[in-house]
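Structure first, commentary second.
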Amino acid sequence: MLKRLKKGLWNYRNVILIVLIPLLLLPLPVVAGTKEAECAFVLLLMATYWVTEVIPLSMTAMLPAILFPMFGIMKSSSVAKEYFKDFHFLLVGVTCFATSIEKWGLHRRIALRLVTMVGVNPAWLMLGFMTVCAFLSMWVQNTSAVTMVMPIVEAVLQHILKAKEGGCAGQDNPNLHITLRDVDSTLFIILLFLQKLTTILKFRSKHDLMVCKAICISIAYSSNIGGITTLPGTSPNLIFSEYLNQIYPNCSCINFGNWLLLCLPISVIMLLLTWIWLHWLFISSEFLWRCGGEKSEKERAARKVIEDEYKSLGPMSSQEIFTGVIFLVMVLLWLTRSPGFVPGWASLFPHSNSGYISDATVALLLGLLFFIVPAYGPSRKYAAMISWKEFQASMPWKVALLVGGGFALAEGTKESGLSLWVAKLMTPLGDLPVLATIAVACIIVTMVTEVASNAATITIFLPILSPLAEAIHVNPLYVLIPTTLCTSFSFLMPVSNPPNAIVFAYGHFHIMDMVKAGLGVNVIGVLAVLLAVATWGVPLFSLDTYPDWAPVLPGFNSTTP
């Protein structure tokens with residue numbers, strides 16, 4: 001009865017917010033009556049709905065298709081064009097690759113092989129799993145990477161806990177295949193936490209519990225850290241790249257290669273410092289390299305289960321080999337398409353300088369091969385490497401719609417003149433040091449992304465931050481790149497992003513454990529990003545000069561880094 005009452009109150013709360021928020025914002029279009037005010041109404045309404053999640057995120061993204069034509073900001077046909085961009089083709093191609101990895105178990109082979117190489121001491125085991133998860137997150141969605149790695153982690157942890165004589169490891173966790181529908185429910189996470197609390201209390205060794213906490217939290221964090229390394233690694237990166245093409249069509253300075261050069265050192269720095277921080281916080285304050293000596297019974301048991309799991313995979317299958325080859329070819333083609341310092345292979349095609357070929361072209365071409373190449377030899381019935389049903393199950397349609405709404409919102413701010421109005425409003429910020437302005441923007445974005453989805457956060461802030469950069473006459477990349485990266489730093493709570501929620505559902509740690517750990521990782525992340533854009537990022541993207549492809553707004557303060 002009480003449960004039904006709470007559910008009813010929650011539904012009424014949503015209905016009240018859905019009705020109340022537009023009423024509170026209504027004076028903007030009614031009183032002001034300008035196109036800028038009407039677009040600001042749509043922007044604030046979407047931002048509030050995205051943060052509160054009173055309706056599904058993807059349906060909030062549909063509001064520009066309804067409100068922009070009604071306000072006369074954009075035609076319905078023009079808005080519709082913004083919902084499917086080059087980003088979506090890249091997402092489709094990468095999802096085909098991710099589907100094949102998961103179907104044929106290549107991720108298990110990579111994970112188990114790497115973990116056997118680093119050993120089973122808790123510190124090195126944690127680093128091994130973090131490295132695997134970060135590497136997978138570079139090429140597939142963060143959520144997919146965590147769902148691939150966590151069942152392996154859980155199996156190892158269970159054997160470690162059962163190895164101690166007289167110890168009680170609790171029951172095997174049945175929630176190994178949690179879905180995104182579960183992740184989206186805050187109430188589900190809370191109830192699952194209470195249910196798993198009894199399992200946590202059964203651990204007799206505090207050290208065992210701390211090892212489980214550290215390793216599980218590290219998996220969630222490493223997926224976010226690895227995701228920032230490549231453009232297709234996480235949604236905010238792709239949204240930023242497409243936004244740049246949309247708002248600054250003459251900007252061709254962002255590609256797979258130079259993004260990797262910028263972000264790979266950031267990821268390595270963050271991964272190592274996060275590893276040290278989690279080890280110090282949960283496991284031991286002793287030096288990490290003091291791990292020699294005779295292996296404990298639990299370590300021997302963990303090594304045995306990892307080796308047994310790896311042996312059970314058998315020799316590498318032809319399907320795994322094909323998937324691995326496609327992966328190598330895809331990365332090679334991305335790196336050599338347009339490296340910048342020499343002509344890439346795209347120059348062999350006509351109109352190559354006009355941006356006809358992009359990373360999405362490569363991803364889509366190779367993704368198509370998974371639907372054509374037979375999975376088995378001629379002796380068996382023809383079946384492709386992946387099926388449409390398998391692809392549909394892996395394709396993040398919610399993200400695709402959410403991003404489309406963000407592109408429509410960005411175009412609306414440009415057409416209505418709202419972006420120019422915001423730029424003029426922010427002109428006084430030109431008197432501050434540029435790095436201070438960027439640091440404030442990064443901190444704000446990092447705070448907001450803890451309570452809103454990463455994709456929604458970057459979609460809200462991009463139309464605000466690019467006019468800010470123009471207003472203070474700073475290279476837009478100097479502001480947009482660090483804030484885009486900080487959008488992925490949602491480390492504080494299980495509901496901050498799906499990877500956090502999936503790991504939390506295994507029941508090995510409390511919410512406060514993640515809050516304590518996340519505060520430190522947030523500081524590490526922001527400082528690493530600021531270090532990158534202030535040092536090796538400057539020559540890489542010419543951040544110290546105002547580019548020709550960005551508009552010059554007369555009468556604004558000029559500031560250079």
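Using N, Cα and C of the backbone, Cβ positions are placed for all residues, glycine too.
Now, the feature entries from TrEMBL:
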type     : residues : note
TRANSMEM : 48-71    : transmembrane segment
TRANSMEM : 121-140  : transmembrane segment
TRANSMEM : 259-280  : transmembrane segment
TRANSMEM : 316-335  : transmembrane segment
TRANSMEM : 356-376  : transmembrane segment
TRANSMEM : 434-465  : transmembrane segment
TRANSMEM : 517-538  : transmembrane segment
Recorded stretch that, among 121-140, 259-280, 316-335, has the most CB pairs under 8 Å to the transmembrane segment (517-538): 259-280
Cβ contacts the transmembrane segment (121-140)/the transmembrane segment (48-71), at least three under 8 Å, sequence gap 6 or more: no
Criterion met for the transmembrane segment (434-465) and the transmembrane segment (259-280) (at least three Cβ pairs under 8 Å): no
